[in-house]
Structure formats: structure tokens, C-alpha cells
Amino acid sequence: MKPDYNLVWVVVLMVLAQLTAFYLVKDLDWKWVVFWAYVFGSCISHSMTLAIHEISHNSAFGNSKAMWNRWFGIFANLPLGLPYSISFKRYHMDHHRYLGGDGIDVDIPTNFEGWFFCTRFRKFIWIVLQPFFYAIRPLCINPKPITRLEIINLLAQLSFDVVIYYLWGVKSIFYMLAGSVLGLGLHPISGHFIAEHYMFLKGHETYSYYGPLNLLTFNVGYHNEHHDFPNIPGKSLPLVKKIAAEYYDNLPQYNSWIKVLYDFVMDDTISPYSRMKRQLKGEVKQD
């Protein structure tokens, strides 16, 4: 349970890669802007959201320098185009403390999502629109007062977006925003959203994935391990599995996030309702 300082340099390189891409797409035809937004920008953007996930657990600088992690999260947020980091940290900690908690864990779909997105076509649309539901759901389930850091996150993001528009124009802005939306929607990496907690097997509410896409996602696929030890950086989660193999090797696991997406759409017994929901008792402490 110690910081992963390599995370800092990886994030800096990812930000620089996106800045380079913003410059390179500014004069391309629109069809190529869309192409590169999906093929390259979406992968970097989704990977960056998982870097922000790591940073939310203070993996970049450690728990003793919590504010360093918050400022670094705002920096990592810049190439995504929309303010995300500070709010994500507040709600994600609730997800870990109160997994499946009704009215607290905003990772749980709303009743409307479960009721409406119940056919194969509608579930497909739900996957495409996942980034919008993740953005709107907290406001419906568990709205929180806006904090000073969230305002700073917003102002920093808007300032960055204005600078990019002023320097390189609307195509760079479109590439940035489209990459974020496409990367979090109908995209192979997005299979992890469903793979993590949707109950394809009754009685198993958290699943791990040990495939190659972990290289792009800071080992978020090691999800049982992550929930057991949320203060261990993603870099070290394979070691956790190796040390405690008798606890993890026999649990249900996935080999393909693409197959998870396919099965979610095609299996009529699975829907946004396929989540464990708990009625919390006692005192609830939220960030």
C-alpha cells in the first residue's frame, strides 16, 4: 500500500500525447477527425479516466499528500474536455464504502434505466449512452453540494478548452470531446463498466478480468482484488492475485470485455437491473 510514482510520468506523457493529437487533427478532413477520435483519442481518454480513478485513491503521491493527488487529478482531467476528476473522487469513495447502497452508490443504475432499457436494442443504446448516464445519475440519486475544488476543476477545464479552441480551432475541440464520449460508450474498453459488478452469475456481484486490456487501464480488470485492497495501486494488483491465488483463482472471471458487451445485449436475463442493491443501516458518512 504505497504510491506508484510511475503513474505521474505516465499521466504526463498521456496529456502530452493528446496535446500533440489536438495539434495534428486541426487541419484534417472531418472524416479523419472522427476516425482518429475513435481509434486513438477514445483509447487515451478512457485510459485517462482510469488514471483519474487511480489518482482518486491517492495512488500518485500517497495518502499523506492527498491534496497533491487532487491537483494532479485536475491536471489529468484536462484532455478529457469536461470537468470530472474531483466529483468522481467524491462519489467513487461512496462506491467503495457502501457498495450497492441504495441512494448512495451512484454506480447503481436508476429504476428508469432498469425499466426502460430492457430489450436488446434498448440495451445497445444504453451502452452507447453510458457516459451521459454516469454524468446525470449522481444528480438523480445522490446530489451533493458543490465544493470549492469542483469549482476550480470546472474553471481550469473551461480555461483549457478555450485555449485549445483559440490555438487550434473547433476540430481539436471536437476531437477531444468526441474521444471522451466515444471512449466511454460503445468501445471495447467500456466492457469493464459492465464486467465489474453486473450479476451474470447469481451470488457473484464483483468480477475480475485478467486480459491484455489491463495494460491500457491501469489493471482495473483486477476488480475483486481492487475492492479487497483499494489502497493498493493498480500496478501491484497482479502481485496481490499471485500472493493470494487461493482466494481469486477459482472465482468467476472474464476473458473478454467485448464478449461482456455482446452478452449483456443479447442475454435477455441481463439488464441494468442485474445489480446487487442494499438497504443501508446505521450511520452513513459521505465525502
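Counting begins at 1 with the first residue displayed.
Glycine residues also receive a Cβ, built from the backbone N, Cα and C atoms like all the rest.
No curator has checked TrEMBL annotations; they are predicted automatically.
These figures come from a predicted structure and were not determined experimentally.
Averaged over the domain 'Fatty acid desaturase' (31-253), the predicted model reaches a pLDDT of 95. What TrEMBL lists as domain 'Fatty acid desaturase' is 31-253.
What TrEMBL records for 6-25 (among others) is transmembrane segment.
Residues annotated as transmembrane segment in TrEMBL: 32-51 (among others).
The transmembrane segment annotation in TrEMBL covers 71-88 (among others). Sequence-distant neighbours of the transmembrane segment (71-88) (same chain, 6+ residues past either end, Cβ-Cβ under 8 Å): 8, 11, 14-15, 18-19, 22, 44-45, 48-49, 51-53, 55-56, 60-61, 135, 138, 147, 149-150, 152-154, 156-158, 160-161, 173, 176-177, 180.
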In the same chain, who gets a Cβ under 8 Å from the transmembrane segment (6-25) while lying at least 6 residues past its ends?
32-33, 36-37, 40-41, 44-45, 47-48, 51, 54-55, 59-61, 72, 75-76, 78-79, 164, 168, 171-172, 175-176, 218, 233, 235
Which residues of the chain, 6 or more past the ends of the transmembrane segment (32-51), have a CB below 8 A from one of its CBs?
7, 10-11, 14, 17-18, 21, 25, 76-77, 79-80, 84, 88, 171, 174-176, 178-180, 182-184, 187, 189-190, 216-218, 220, 234
